[in-house]
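Trainee: When I checked TrEMBL for this same protein, it listed these features:
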type     : residues               : note
DISULFID : 34-114                 : disulfide bond
DOMAIN   : 50-280                 : domain 'Plant heme peroxidase family profile'
SITE     : 61                     : site 'Transition state stabilizer'
BINDING  : 66, 69, 71, 73, 75, 87 : Ca(2+) 1 binding site
DISULFID : 67-72                  : disulfide bond
DISULFID : 120-313                : disulfide bond
BINDING  : 162                    : substrate binding site
BINDING  : 192                    : heme b binding site
BINDING  : 193, 237, 240, 245     : Ca(2+) 2 binding site
DISULFID : 199-224                : disulfide bond
């Protein structure tokens with residue numbers, strides 16, 4: 001009980017700091033204009049995740065890929081047009097990001113109740129939180145009031161999103177550029193306790209790296225050959241692929257991280273001790289993950305009169 005209280009107080013304090021620093025994001029932003037918003041998002045996410053647990057991971061990843069490219073502004077949701085190039089076909093996103101239709105469905109429902117009021121950026125932030133919760137992970141209070149970008153950046157998506165081949169130093173640098181610490185990065189990497197990855201993203205690790213359990217690598221090589229079958233999938237967490245827990249860190253300690261960048265967190269480096277802690281203390285991980293997601297969700301939001309409230313998440317008004 002004491003630990004739970006500490007967790008709540010820590011996240012609550014972070015929310016106060018976030019609201020103070022942003023000046024406008026607030027958990028109660030829609031309390032008057034769309035009071036049923038969070039209920040609508042949860043009701044929409046529940047059947048989606050129950051039918052396909054992987055979608056909880058996909059929505060969370062969509063939120064991460066949005067926030068890391070010019071802030072949490074729903075730019076990742078914009079479709080390409082004859083005169084506009086968005087972020088969906090950037091290297092880290094093409095044939096990889098999923099869940100756009102889920103956000104569309106939620107937006108349609110929200111527009112019926114609160115037309116022209118709620119941003120796609122805020123819907124994505126709430127849906128990511130609910131996806132984690134529906135898979136057994138922690139919940140957190142989402143500061144709201146983001147507005148939607150009217151543009152996107154293919155080049156930033158190609159350059160700012162960390163690669164699955166990243167070294168620890170590269171990961172730390174990439175997250176630091178967004179105002180996130182090395183410990184934030186290690187906690188946020190725990191998102192890989194759910195979801196799947198494509199063969200093309202872990203091939204180098206299972207064939208070329210030495211910091212990997214030999215039997216684990218051999219098993220993966222059966223479905224991910226040294227060439228071809230790039231889209232063959234494997235769970236990021238082989239223990240409990242559909243449960244948001246701390247097994248990801250147990251895997252790292254056992255040298256069974258799926259991606260090169262995963263195993264870099266436990267490879268005789270500065271994050272080893274934190275990985276060890278999370279591998280045995282699920283509550284500490286859950287607490288730190290929730291706090292880090294709130295922090296990530298505050299990366300350069302558009303507020304006030306900046307941006308717009310898109311009526312269709314796939315295109316500017």
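Glycine too: its Cβ is placed from the backbone N, Cα and C atoms.
TrEMBL: automatically predicted annotations, no manual curation.
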Trainee: From the centroid of the CB atoms of 193, 237, 240, 245, the recorded Ca(2+) 2 site, which same-chain residues not already listed sit within 8 A by their CB, in sequence order?
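Mentor: Same chain, not in 193, 237, 240, 245, Cβ within 8 Å: 194, 239, 241, 243, 244, 246, 247, 248.
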Trainee: Say you check the Cα of residue 72 (disulfide bond) against those of the binding-site residues 66, 162, 192, 193; which is nearest?
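Mentor: Nearest by Cα distance to residue 72 (disulfide bond): 66.
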Trainee: May I ask which of the recorded positions 69, 114, 162 is closest to residue 199 (disulfide bond) if we compare their C-alpha atoms?
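Mentor: Nearest listed residue in space: 162.
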Trainee: Quick one: of 73, 75, 162, 193, 237, 240, which binding-site residues lie within 10 angstroms of residue 67 (disulfide bond), measuring between C-alpha atoms? Sequence order, please.
Mentor: 73, 75
Trainee: Around residue 73 (Ca(2+) 1 binding site), which of the listed recorded positions (114, 120, 193) come within 10 Å, judging by Cα atoms?
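Mentor: If one measures from the Cα of residue 73 (Ca(2+) 1 binding site), the recorded positions that come within 10 Å are 120.
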Trainee: List, in sequence order, the residues of the same chain other than 66, 69, 71, 73, 75, 87 whose Cβ lies within 8 Å of the centroid of the Cβ atoms of the recorded Ca(2+) 1 site.
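Mentor: Neighbours within 8 Å of the Cβ centroid, excluding 66, 69, 71, 73, 75, 87: 65, 67, 68, 70, 72, 74, 76, 149, 152, 153, 156, 157.
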Trainee: For residue 240 (Ca(2+) 2 binding site), identify the closest of the recorded positions 61, 66, 114, judging by Cα separation.
Mentor: 61
Trainee: Rounded to an integer, what is the Cα-Cα distance in Å between residue 313 (disulfide bond) and residue 75 (Ca(2+) 1 binding site)?
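Mentor: Spelling it out, the Cα of residue 313 (disulfide bond) and the Cα of residue 75 (Ca(2+) 1 binding site) are 9 Å apart.
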